[in-house]
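Enquirer: What TrEMBL shows for this protein is this:
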COMPBIAS  12-22  compositional bias 'Polar residues'
DOMAIN    141-168  domain 'PLD phosphodiesterase'
DOMAIN    355-381  domain 'PLD phosphodiesterase'
REGION    1-22  region 'Disordered'
Amino acid sequence: EEEGLYGDLPRTTITEEGTNRSNDSCSFELVENVPYDLPFEINSTAAKPLFQAWTRLLDLAQEKVHVASYYWSLTGKDIGVNDSSSKQGEDILQRFERLLAKNVSLYIAASSPTLATKSKDLELLKEKGAHVKKIDFGHLTGGVLHSKFWIVDMKHIYIGSANMDWRSLSQVKEFGAVMYNCSCLAQDLWKTFSTYWDVGYPNATIPKPWPLNYSTHINNHQPLEVEFNGILTETYFSASPPAFCPEGRTHDLSAILSIISRAQKFVYVSVMEYFPTSRFVQPKRYWPAIDNALRRAAFNHRVQVRLLVSCWAYTDPAMLHYLRSLRALNDPHAHISVDVKLFIVPILNHTNIPHGRVNHNKYMVTDKVAYIGTSNWSEDYFTNTAGVGLIIKQNSTNLQRRQQPVQEQLKDLFERDWNSKYAVNLEDVQGQKDCNW
């Protein structure tokens, strides 16, 4: 319909017909970090703690670990903070050091520019034998490397919202997924890691087109069929920006738009930031690709749309105007349902820690699909910044294990947050200052 107007939907070509079927029997877990002093109701639903998932992945590592992360800052002293909540981050850093001491290869792709200008993590790991590249996305695309994923021994995967930051294990609300024994997906995600790694040298240019060894057959037209926890699952990885989508790779924005357009009952979104504009390029541009898709779903298909967006010390107050505009479409009499809440992580006595106390999630769930990403929702993240998304569709339930489909599990977690005291109706927030609890 209208999407073609924005010129940002590269068409993926299918190079071979038929389905992608893998014999891997993968184990899948949703993971989250719930910040200190953010209690939910007793017996409320919960995902596996992120720290546990990371330590298990590092315990499993035997040969090599690939990590893509915006930046590294795993110790409190990086930012001049002496706080006991940095302990888990420091523990993770020591575990990486121990792996290097055991001759496990460590490949780290981080971003230049970076937020962690004072961190010594990468220098320390490099001294101990890690292969580190700071990929100059500023030069390559005018953006940053914002992906956050790990590949362990080419068969175990972490993907989610958490950077390699001690606050992601203590002060920031994070969300992601872990897959074990899933070499088919790990090898596919490694192709995306390679697109970063292979331009990690001075004055690099982005290949046009990418050589064929970077291309994939796994995409939204041909998802991979694989077992997750014994349930047949359709899944694929998307990527952004388009310049980092070799042949066959679905662009992250295309994935999001197609998921929204295929929803029949509901679309629930939990993101830190939501802007139908650019954020960092000047002059600012209007960019309604996702906004239009949500409006169309609510208006044309009577899909229930819920947006849970973060409000914290660094929220740009302009965002509230755009959210009010989207919310204005809501019309119960016409069965148009658009609801927006702001999620607030109370600061309490954690004022000494900058850039903590926020819901950093980047996921969406519909009645059909779960989507777990690494990008905030504004133009720059889809046009010049590197990110990845994981798309999962499960039809059945594993009755033996009493396991719900992934999208049901994700819906339950969304509803826990949505119905909690930390989620405030948009109408009840006048300005950003109302978010400082």
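We count from 1, first residue shown onward.
The backbone N, Cα and C atoms fix where each Cβ goes, and this holds for glycine too.
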Enquirer: Give the mean pLDDT for the domain 'PLD phosphodiesterase' (141-168) on the 0 to 100 scale.
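Expert: For the domain 'PLD phosphodiesterase' (141-168), the model's average pLDDT rounds to 98.
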Enquirer: Who are the long-range neighbours of the domain 'PLD phosphodiesterase' (141-168) in its own chain, taking Cβ under 8 Å and residues 6 or more past its ends?
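Expert: Answer is 31, 33, 50, 53-54, 57-58, 60-76, 78, 85-86, 88-90, 92, 109-111, 113-114, 116, 121, 135, 174-183, 185-187, 189-190, 192-193, 196, 206, 241, 243-244, 272, 280-281, 353, 355-356, 360-363, 372-375, 380-381, 383-388, 390.
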Enquirer: List the helix, strand and coil residue totals of the domain 'PLD phosphodiesterase' (141-168) as derived from DSSP.
Expert: 3 helix, 13 strand, 12 coil
